[in-house]
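The annotation signal peptide is assigned in Swiss-Prot to 1-22 on the grounds of similarity to another entry. Annotated substrate binding site per Swiss-Prot: ASP32, SER71, ASN92, ASP193, HIS241, HIS354, in sequence order, evidence recorded as similarity to another entry. Residues annotated as Zn(2+) 1 binding site in Swiss-Prot, with similarity to another entry given as evidence: ASP32, SER71, ASP240, HIS241. As annotated by Swiss-Prot, active site, nucleophile applies to SER71, with the evidence given as sequence analysis. What Swiss-Prot lists as phosphoserine is SER71. According to Swiss-Prot, the feature N-linked glycosylation site maps to ASN100, ASN118, ASN341, ASN404, an assignment based on similarity to another entry. The annotation disulfide bond is assigned in Swiss-Prot to CYS142-CYS154. According to Swiss-Prot, the Zn(2+) 2 binding site annotation covers ASP193, HIS197, HIS354, on the basis of similarity to another entry. Summarising the annotation, Swiss-Prot assigns GPI-anchor amidated serine to SER419 and lists sequence analysis as the type of evidence.
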Amino acid sequence: MAVKLGTLLLALALGLAQPASARRKLLVFLLDGFRSDYISDEALESLPGFKEIVSRGVKVDYLTPDFPSLSYPNYYTLMTGRHCEVHQMIGNYMWDPTTNKSFDIGVNKDSLMPLWWNGSEPLWVTLTKAKRKVYMYYWPGCEVEILGVRPTYCLEYKNVPTDINFANAVSDALDSFKSGRADLAAIYHERIDVEGHHYGPASPQRKDALKAVDTVLKYMTKWIQERGLQDRLNVIIFSDHGMTDIFWMDKVIELNKYISLNDLQQVKDRGPVVSLWPAPGKHSEIYNKLSTVEHMTVYEKEAIPSRFYYKKGKFVSPLTLVADEGWFITENREMLPFWMNSTGRREGWQRGWHGYDNELMDMRGIFLAFGPDFKSNFRAAPIRSVDVYNVMCNVVGITPLPNNGSWSRVMCMLKGRASTAPPVWPSHCALALILLFLLA
C-alpha cells in the first residue's frame, strides 16, 4: 500500500512539474502607452486585427499598472511580477547618491549598469538560464547584461521603431519559432505612446498609429497559420500604462515659484512624479513650502501611501511630488520637455502624459491573449501588471520566481489543465516527495 501511495505521490509531483504547455512557444507584445479604451467594443469595429484576436482569445476589462504609471517601472513589473519597490526600477529617471550615478530613461551609458537592473530577475533571464532561446526586438533592457545573462538575440532599441520595423520584427519572430531558433520572442512597439504624448490620446495621429498596429496584427494571424504554428504558439499582448490629456497652457506647477532650486541637491524627472533630494539642512524648509502648493502632494519617503508599493525602493528620493491628474510639475516653464516637431526645433507642446496615480482610469492598460492554452472569445475581469508574469510562466512551462501577482485573477483565462496549475508548484512537489520519503 505504501509503495502504491508513494508511486501516486511521485506521479503527482512530476505532473505538477510539467504544465500542459511546457514546450509551447510564446510571442509577447509590449505596446507602449496603449490605454484600455482604445479597444473598447465600439473601437474594435474599426480595428479588424484586434477584433479577430479578441474573438479568438482573451480580453481583460483593463490592466492596472504599477505606480508610478511610467514605462521603465512597468516594463520590469510586467516581466518580474514584482512591485517597483521590490524590483527597484522605480522611475524613468533615477539617481543613486552613493555612487552619484543616474538612470536617464535608458539613454545614458550609466543606465546600462547592473546597479539598476539586478534588483530582480526578469522572465527572459530565467528562460535563458534554463537553456531556452529568447529573441527580443527593440525591448528596453535586452541589451543589458542582467545577473550575468543576456538573451539569445537582442535587436537593440535605438530610435522609435517604425511601422515597417514592427512588421519585420513580427515576421522574423515567427520565422524564428518555425525554425526552432526561438522559444520566446518579445516585441516592443512605441509609436502609439509617442503620438499620444505629442498630439493627445484622442488625436487622429494616435488613432492612425493604432490602425497601423492593427494592420500588422491582422497579417500576423495569417502568418501564424501559414507557418503552421497555430497549435504550438501562444500570443500575449499588453501595455505598460495608459495616457491622459495635459494642458501646458494652464496646468503647470513651476517649482521655482515656491522654492530656491539652489536648495536642491538633485531633481529627477518632470511631470506627474518628481523626485527631490534637498541639500543638507534644507529638507524641512522645502517640504513645508511645497506642502502648500495646490494640485500636487509632497510626500516624505515614509509617508508615501502603502498602496503605491513604492516607498521601500532603494532609489526613492527623500521627497516625492505627485501631481493631480492633468497637471505637470517642472522646475520652470523653460524646462518643459518640448519635442522636435516639423520645424526641426524642440518647440512642440506635449498634449498627453502618464505617470499619475495608477488607479486613475486613464492610466489603465490592456491585456489580450490567444493560442492553444487560452480560452476563446472570453472576457476577463480586470487584472494588474504584477499578474501578467504568472500567465507567461504558465504558458511557457517554467517555474515562476516569488512574485506579487495573483493567480486567482488570471487562472480563469486559461484552458483546462493550464488553468488549475498553481503559480508556484515546487512547494507541492516538495510535499509529495517528503511524503514519499516517509513512506519508503
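Cβ atoms here come from the backbone N, Cα and C positions, even for glycine.
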Recorded positions (SER71, ASN92, ASN100, ASN118, ASN404), the one with most neighbouring Cβ atoms at 10 Å: SER71
Substrate site, defined by ASP32, SER71, ASN92, ASP193, HIS241, HIS354: further same-chain residues with Cβ within 8 Å of the Cβ centre: GLY33, SER69, LEU70, ASN74, ASP240, GLY355
Greatest inter-residue Cα distance in Å for the substrate-binding set ASP32, SER71, ASN92, ASP193, HIS241, HIS354: 15
Which recorded positions sit within 10 Å of ASP32 (substrate binding site) - Cα, from ASN100, ASN118, HIS197, ASN341, ASN404: none
Whole-number Å value for how far CYS154 (disulfide bond) lies from ASN118 (N-linked glycosylation site) (Cα to Cα): 18
Cα-to-Cα gap, HIS241 (substrate binding site) vs CYS142 (disulfide bond), nearest whole Å: 20
Remaining residues near the recorded Zn(2+) 2 site, that is with C-beta within 8 Å of the centroid of the site residues ASP193, HIS197, HIS354: ASP32, GLY33, SER71, VAL194, GLY196, HIS241, MET243, GLY352, TRP353
Which listed residue (ASP193, ASP240) has most other Cβ within 10 Å, given these are binding-site residues: ASP240
Recorded positions near HIS354 (substrate binding site) (Cα-Cα within 10 Å), from CYS142, CYS154, HIS197, ASN341, ASN404: HIS197
ASP240 (Zn(2+) 1 binding site) versus SER71 (substrate binding site) - Cα distance in angstrom: 6
